[in-house]
Amino acid sequence: IMYVCHSQCECSRQKILVPLNGLLNIVVFYGSQTGTGEEFANRLSKDAQRYGMKGMAADPEEYDMCELSRLAEIDNSLAIFCMATYGEGDPTDNAQDFYDWLQESDGELNGVNYTVFALGNKTYEHYNAMGAYVDKRLEELGAKRVFDLGMGDDDGNLEEDFVTWREQFWPAMCEHFGVEASGEDSSIRQYELKEHNDINMNKVYTGEFGCLKSFETQKPPFDAKNPFLAPVIVNRKLNKAGNRHLMHLERDVTLSIYESGDHVAVYPTNDTAIVNKLGQILGVDLDTVISLNNLDEESNKKHPFPCPTTYRTALTHYLDIIHPPRTNVLYELAQYATDPKDQENMRKMASSAPEGKALYQSFVLEDNRNILAILEDLPSLRPPIDHLCELMPRLQARYYSIASSSKVHPNSIHICAVLVEYTTKTGRLTKGVATTWLKNKLVADNGHKSTVPMYIRKSQFRLPFKASNPVIMVGPGTGIAPFMGFIQERGWLKEQGKEVGETVLYFGCRHKNEDYLYQEDLEEAEKTGVITKLNVAFSRDQEQKVYVQHLLRTNKEDLWRQIHTDNAHIYICGDARNMARDVQTAFYEIAEELGGMTRTQATDYIKKLMTKGRYSQDVWS
């Protein structure tokens, strides 16, 4: 009854509507920006088979959600929504149309059974806003909630939250539908392996995300399903000293357009050495051309990643082999461990028993073991590589705040990033996938231009419409990125003869002589009057640590005038867990002291600024 969009390739926008027959009981819709919501949806749809039901994971972007009401016509049907919240309480890109439909719909969903699992992060202002909205709105439209809203917190242990919710959800569903679990311990394969021994290599995917050869044709519109290759034109180290590596990259985006405050999504590749080690440890020829084909012919997801391709391409471009695997992967792979103790421990880690949770927390999460480390430390575990590839989540794009203005640099975007590198408790050196890959992107590599697959993601992080409004920017470390674009744009506006309000920056770093990013540019901007006041906190240049929030309190009178009298817009960029919270608290205190407010009134005052779009955050955790 639901209508699914089948397409020849992932980047196709052509909609061919095919009715799914009444065998389908469960549709798991996902709103996913970084892949976790999709991963959870796949796990729930796979679970359905264990209960004698037929389930499928579905991208709401590919469906006519007006047909949701027709699920009521199928006996024992259920719509599950795994909905992530992105940014400041926003839907993910693929759930935007669904969100708009929910807001505008006055449709009747009577007889539709549903439940929602929300994915979010408590450090963000709008924790699980999208999941909570979907849960509330579906009920308002007449649908029946058959299980309580699940709340997943990525600042805590999202996997544990999901597993706990899932283990309570399925028994409740069995009771609701009057069914029993069957074959709980058996592994269910979704895809079957086909090896291609004689294939035209022009028909083999080599890292494209959309249509075959899409990187050669480069046809817009460019988005998550159709990125373009941007040549790297600058790659330089930003910091003067210290043991960290901070970098500034510029890329040619003649093919695309952007605005100050937007994000760029970058698709990295995995470390060749790790890919080769996986091939060696599993004893396979990584250059074998394969397809993994869905065993369910009616599914709209024909392959877990673009096929046909090679194991090498899949492990390099398509699969996340660096993050510690989730519990379902351990559960599925346990059957291949020949040591009974290894098998027992892997199954235990996938359970919701306190002992199992503790073992997963210590062995996998705290020790930061990726799939290669697990295979190295459990020598009895040697799964077939095709099953491993089926279970691994997709390698996701990394989002960076753009550090340039399109008014000044219309054909290039700038980003700044810090190389992620640390030693785990097991003594292994772990490197960030994207930052390591970006660091090695030379401007010219053997005479060829280095390129980066990417697309521009529009943001709400925008300068005020009226240039005469003051702006207050707070961005320590690489949180300076969007403000480099803002400063360039305010300078350009001044050159055009526009009246530009005060432009105040609060930047923070560890040491003035080490990691004062863009020092020359910022000091020059202050000298020419583009920046009205440059405030820099050096946290470790003196005995007493000084952070940006301390400087805010020092300048409280000016800040209160700018905010309360002059209609200033406030922008925060950087760490959500500590910095953004501490900065927000500083603004509460300033409103209390200089506005003569109680803490409750001060909190409401700042929240009202957020609602009006005068307090914006571009934060991460």
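Keep in mind that glycine also has a Cβ here, set from the backbone N, Cα and C atoms.
Marked as FMN binding site by TrEMBL: 32-37, 84-87, 119-128, Asp154. Cβ environment of Tyr124 (FMN binding site): Thr85, Glu88, Gly89, Ala576, Val619, Ser621 lie under 8 Å away, each six or more residues apart in the same chain.
What TrEMBL records for Arg244, Thr478, Ser539, Arg540, Lys545, Val546, Tyr547, Val548, Gln549, Asp582 is NADP(+) binding site. The Cβ of Gln549 (NADP(+) binding site) lies under 8 Å from the Cβ of Met579, Asp582, Val583, Thr585, Ala586, each on the same chain and at least six residues away in sequence. In three-state terms derived from DSSP, Gln549 (NADP(+) binding site) belongs to a helical segment.
Cβ neighbour count for Cys416 (FAD binding site) (all protein chains, 10 Å cutoff from its Cβ): 21. In the three-state DSSP assignment, the secondary structure recorded for Cys416 (FAD binding site) is strand. Marked as FAD binding site by TrEMBL: Arg398, Tyr399, Tyr400, Ser401, Cys416, Ala417, Val418, Tyr422, Gly432, Val433, Ala434, Thr435, Trp620.
Taken from TrEMBL, the feature domain 'Flavodoxin-like' applies to 26-170.
Over the domain 'FAD-binding FR-type' (225-464) the predicted model carries a mean pLDDT of 95. Taken from TrEMBL, the feature domain 'FAD-binding FR-type' applies to 225-464.
Put simply, Trp620 (FAD binding site) is 15 Å from Ala84 (FMN binding site) when counted between their Cα atoms. For the binding-site residues Tyr127, Tyr400, Tyr547, Trp620, the greatest number of Cβ atoms within 10 Å around a candidate Cβ is found at Tyr400.
Of all the binding-site residues in the record (Ser32, Gly87, Asn121, Tyr127, Lys545), the one with the smallest CA separation from Tyr400 (FAD binding site) is Gly87.
Same-chain residues at least 6 positions away in sequence with a Cβ under 8 Å from that of Lys545 (NADP(+) binding site) are, in sequence order, Ser539. For Cys416 (FAD binding site), the nearest neighbour among the listed binding-site residues (Gly35, Arg244, Tyr547), judged by C-alpha distance, is Arg244. Neighbour counts of Cβ atoms within 10 Å were compared for the binding-site residues Gly35, Gly87, Gly432, and the top value is held by Gly87. In terms of DSSP helix, strand and coil, the domain 'Flavodoxin-like' (26-170) has 64 helix, 36 strand, 45 coil.
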